[in-house]
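Undergrad: Sharing a structure below in structure tokens format, with a few things to ask.
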There are 2 protein chains.
Amino acid sequence: MSVKNAFYAQSGGVTAVINASAAGVIETARLHPEQIGTVYAGHNGIIGALTEDLIDTSQEPDENIAALRHTPSGAFGSCRYKLKSLEANRAEYERLIEVFRAHNIGYFFYNGGGDSADTCLKISQLAETMGYPIQAIHVPKTVDNDLPITDCCPGFGSVAKYVATSIREAGFDVASMAATSTKVFILEVMGRHAGWITAACGLASEAEDQPPHILLFPEVKFDQQAFLARVQQCVETYGYCVIGVSEGIKNTEGKFLSETGLTDAFGHAQLGGVAPTIANLVKDKLGYKYHWAVADYLQRAARHIASKVDVEQAYALGQAAVRMALDGKNAVMPAIRRLQDSPYQWDIIEAPLKDVANVEKFMPPEFITEDGFHITDACRRYLSPLIQGEDYPPFRNGLPDYVRLNNVTVERKLATFKI
Amino acid sequence: MSVKNAFYAQSGGVTAVINASAAGVIETARLHPEQIGTVYAGHNGIIGALTEDLIDTSQEPDENIAALRHTPSGAFGSCRYKLKSLEANRAEYERLIEVFRAHNIGYFFYNGGGDSADTCLKISQLAETMGYPIQAIHVPKTVDNDLPITDCCPGFGSVAKYVATSIREAGFDVASMAATSTKVFILEVMGRHAGWITAACGLASEAEDQPPHILLFPEVKFDQQAFLARVQQCVETYGYCVIGVSEGIKNTEGKFLSETGLTDAFGHAQLGGVAPTIANLVKDKLGYKYHWAVADYLQRAARHIASKVDVEQAYALGQAAVRMALDGKNAVMPAIRRLQDSPYQWDIIEAPLKDVANVEKFMPPEFITEDGFHITDACRRYLSPLIQGEDYPPFRNGLPDYVRLNNVTVERKLATFKI
């Protein structure tokens, strides 16, 4: 078998563990020089391939690649860029082939979510559509946990652990202040379409009186009256109320709540942030003193409180992607299969990319309580294994010691290409 | 020496380590039954004393008291309540003495910030003003780090570690996304009057190109033009810009920026949050895509990423407070004295309460760079020791295992008292 080089790139919103997948890919490829030559990383995802902006990962010392395992974010740069269809933009595909050919690339690893799976699928078809033989393997990643087939998506478990930890801690805080100060606390979390991250907040509560008391899912239309009644009931029963809210909740007319609330002094539309909107509603209708937090990027970058299970899965999926490539596979994605809830047992199976691309996995209705404000035991059984174990990064000078790669660029061989 | 009981209470905004001070007080008192009988904790701070709402900490098993060391928030409830002067409300002082006498209380430990030091000072004078002999010792606590004399305040070091960790992680995230997405990220932190927490964000940056690139201190009037120019320069030079901003920054007219920005759909004044205001300004004037986060209570409750130095100091100050009481001291506060920057060495000295009460410590001007947008090396030398070391809590089911005390209430002996 002739030696071919590999292309690896990161796509979409980054996570606390996408670099662990990168480490899995690169370290495994390095073990097989008889089949895989150099792993070239795309600078800023697929854009790096289009613009021939390639990073030579063989120039990176082993310890730097190993350190990717504990470094959040996308070490090679990510991108939000979706390839159009072959019909709509044939020039892009021709350019990709030109770059792949110039650098003898026969393996394509794309690390991303649903959109990236679609890109990866298109690349996998280049042999039949454009006569360029390449094996394309998708490595799953998304904090939103919305990919099908796989038990979960790397990145999600760590966000879940972060939000559950954070809302538990804030809950303890509010409980101590409620007698004379803050009575309602609201934490806004990510997940515009699927409520997985909001659901994870619920793990912090192990009894009805424990915070968070209310979760607002994007899957459940926001019912202002029922919500306010529940807030009041919590404050009257427990002395305070802690709320986890998805950035993507919608009102009964189907409009994002974050878009209904705020205008600035210049009359511009809102600035994002459903938490302040909810807070104001509570203040306005019930008069309670409130505090709110918006975790935003903090939640998906929080490698310091990553889930050990998540880190292990992210790395293992990177490894498995390379093994599948070595086995001659194409148009597949390694996926997590759950064998047992507790203790959690899982292995890795092969998912056909055509069943993954552009399919979104939502929360099943049976994971949400009947009143729409919390998670069920079934949901806990699903979520709990994903946040198990700690995997602390090394610290230097009191702070996490994350690696910045040298990212040595490969000399260009081709004319420039405008995207 | 006759045995007297002790009163301990927590005051003001709680922290990740105020319970570590509580553990220091209670565990040390338990070692001296020949002088200190029962430690009664005030339920919700001084309010617990006024309303005779006392918790019998002797009913709490040793392991629960030990677990306070790793549990954030105020385990006995805190309060925002400042005693008036003796002249203004003599009835309150008479009531306190009534409660202290009924429960044979001869030691008063108050765990709080500047306002609480003032309360503690008033209690310490009860012997001379009201003829009731009591020793009052203040245990310092405040995330704002604004108490005088002491090198730092317990609670601050852990917030500092949290914000520096968080903004470093978010900085890595933004760096990977900037090519095609978010270019400016803003993290809002606490510290309405003093910029210590904002300054701590700066520790995440160890070179000029490393985030955060800009810090906005409450000590520096917000200069919109200079700020926007610096943001643009960062984006053009580094590709992105990360900003740490204090909730308390003011515009050139001295008005809080958070109060200038937003009105909601009903025309109500703003909802808090200077981060969205800054974000909107950046979008409006420079057109950059932005994200923002507001850490709020998450930062001061984040025991999972507490500073080991901070935890040790919090505990040691609780211990020292009891030792001072045993030594017959009154109207004092144990304070941290810095002996050496690196490696950090400190001991505990005695600060007279009259020099602590109602005195705020601000950032010295030489800790802020000339352009007003970052911290100096002198500031780094001061801050860095305070975030050293990790002190992870135990985890159960993937989440920090914080203790909820039984908080057994003492039977009331007196008539009720309305506050």
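All positions are counted from 1 along the displayed chain.
Note: Cβ is positioned from N, Cα and C throughout, glycine not excepted.
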Undergrad: Where TrEMBL shows B:Thr142, B:Val143, B:Asp144, B:Met190, B:Gly191, B:Arg192, B:Tyr297, B:Leu298, B:Gln299, B:Arg300 binding substrate, which of B:Glu94, B:Glu98, B:Glu236, B:Glu247 is named for the same site?
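TA: According to TrEMBL, the candidate sharing the substrate site with B:Thr142, B:Val143, B:Asp144, B:Met190, B:Gly191, B:Arg192, B:Tyr297, B:Leu298, B:Gln299, B:Arg300 is B:Glu247.
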Undergrad: Which state, by DSSP, holds B:Asp144 (active site, proton acceptor): helix, strand or coil?
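TA: For B:Asp144 (active site, proton acceptor) - judged by DSSP and reduced to three states - the answer is coil.
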Undergrad: Reported as an integer number of Å, what is the Cα distance between B:Asp115 (site 'Important for catalytic activity and substrate specificity') and B:Lys141 (site 'Important for catalytic activity')?
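TA: Per the Cα atoms, B:Asp115 (site 'Important for catalytic activity and substrate specificity') and B:Lys141 (site 'Important for catalytic activity') stand 11 Å apart.
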Undergrad: Mind telling me which of the recorded positions B:Asp115, B:Asp144 has the densest Cβ neighbourhood, counting other Cβ atoms within 10 Å?
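TA: Of the recorded positions B:Asp115, B:Asp144, the most buried by Cβ count within 10 Å is B:Asp144.
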Undergrad: Take every residue in the domain 'Phosphofructokinase' (B:9-324), average their pLDDT values, and give the whole-number result.
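TA: Here the predicted model's pLDDT, averaged over the domain 'Phosphofructokinase' (B:9-324), is 94.
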Undergrad: So for B:Lys141 (site 'Important for catalytic activity'), how many other CB atoms are inside 10 Å of its CB?
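TA: Taking all protein chains shown, B:Lys141 (site 'Important for catalytic activity') has 31 Cβ neighbours within 10 Å.
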